[in-house]
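Participant: Before I ask anything, here is the structure I am working with.
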Amino acid sequence: MDPAAAGDSSLLNDSTQLRRPLCPRLPSLSSRFRLKTTLWSELSGAVGDLGTYIPIVLALSLVNGLDLGTTLIFTALYNAITGLLFGIPMPVQPMKSIAAVAISPSSHLSIPQIMAAGLCTASTLLILGATGLMSLFYRLLPLPVVRGVQLSQGLSFAFSAVSYIRYSQDLPSGKTSGPRPFLGPDGLLLALSALLFILLSSGTGNERRRLVPSALIVFLVGFILCFLRDASVLQHLKFGPSPLRVITITREDWKVGFFRGAIPQIPLSILNSVIAVCKLSGDLFPDQEVSAAAVSVSVGLMNWVGCWFGAMPVCHGAGGLAGQYRFGGRSGLSVMFLAAGKMVLGLVFGNSFVMILKQFPVGLLGVLLVFSGVELAMASRDMGSKKESFIMLVCAAVSMKLNAAAGFVCGLVIVLVLWIGDVDWVAQLRGRRGRTVDDKSRPGATEEEIVGV
């Protein structure tokens, strides 16, 4: 290949995110939902991100009074639309920072305040995506910093998963309540058996060993155990969807929602819900890497529709994408199956479905979550040099100890400092002086060039 042509190609590749359309043209339905593995694999991948979805939704429902039926219906619509638009198992996950603030006893948020926080975050991402700033940001961001954010998020999921498996959980308070009993319908033996089953049936995610829908089987076992743990839940079920109502948000709600919920959520959404998701989609689906602008606008539009009706603020999470991919999701068909399941449950049981989720074995959720976290963390294994690994690990360490925004800033500072240290400033200055002397001694030099204007 001609070197000049190769250089031009590299430049074009670097600007791909800037040139991509904000609203990509919809290909045929057959190409979006074509089976790339097996039907069972897509079904298994559909439940691959429930290890993060269920605990947060359940906690918000029990502590803050979130309407689960409304959330199920709207997130089902989000799943269906994003599956159609992106053609990959694009997850729809709760905004974790807002949820953490909302359920905390010290900073409890009301439903209007939660929705205000979601709308403020959504507005920021919508503006960044629509103006192209998100694509520019994505193109300029050093890869080791992105990998550091992914590694920290993956390890955080894995640590939470180990806690879910080892200890009994009080999800509304987010605290453990002692070691998990060894036997019982939510005992340690059940969780370890599920972990062993997934390892034996799918290994470390090898394509050839994904004939058994391991995540789907584990989820169905947990669903059945809900009724065995407490048969009285059947008496509390009410048929029919939750009534739709518009949430009234006061000026005080906007103020509290923005400062307590949106400000800590916005950096996390930019880094994990857009940047990390786009980078991970390129790793997992090289021919289908999604546009940063499209993902950012998608998050904005989803919440500007659902939050007004009390649906949980959501985003696209790299952990959810890693989990769905790990358990077999390879196309938009996977999230379409998930959308169908959520829609049926939301329409049939409405908010009363929370009574069933309260009985779901948390240990099994931990098993699903540990594989999602490890899959996301393994995306950082492509750091080939010592310098890249150093930047990634420091960024990950700061992110885990403080927060993703602090880790991100720390990573950028290290990149800048290392770049300054690598430049031979003496040689640069000597070269510049040499060029200046040559210009002045060059025959035909103008007065301006000699003066240096």
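Backbone N, Cα and C atoms are what each Cβ position is placed from, and that goes for glycine too.
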Participant: According to TrEMBL, which of these ranges is transmembrane segment: 68-88, 299-319?
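Facilitator: Checking TrEMBL against the ranges 68-88, 299-319, the transmembrane segment one is 68-88.
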Participant: Would you kindly check 39-62, 150-167, 188-205 and say which stretch has the most C-beta pairs under 8 angstroms to the transmembrane segment (211-228)?
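Facilitator: Ranked by Cβ pairs under 8 Å, first place goes to 39-62.
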Participant: Quickly jot the same-chain residues contacting the transmembrane segment (68-88) by Cβ under 8 Å, restricted to those at least six beyond its ends, or write none.
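Facilitator: Answer is 24, 26-27, 29, 31-33, 57, 61, 241-242, 244, 281, 284-285, 288, 290, 294, 298, 302, 305-306, 309-312, 314, 316, 321, 330-336, 338-343, 345-347, 349-354, 357.
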Participant: Which bits of the chain, at least 6 residues beyond where the transmembrane segment (360-378) starts or stops, bring a Cβ under 8 A of a Cβ in it?
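Facilitator: For the transmembrane segment (360-378), the sequence-distant neighbours (Cβ-Cβ under 8 Å, at least 6 residues beyond its ends) are 47-52, 54-55, 58, 150-151, 153-165, 168-169, 171, 180, 185-188, 190-191, 194-195, 198, 205, 215, 218-219, 221-223, 225-226, 229, 280, 318-320, 322-323, 325-327.
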Participant: Determine which recorded stretch among 39-62, 114-138, 333-354 has the most C-beta pairs below 8 angstroms with the transmembrane segment (150-167).
Facilitator: 39-62
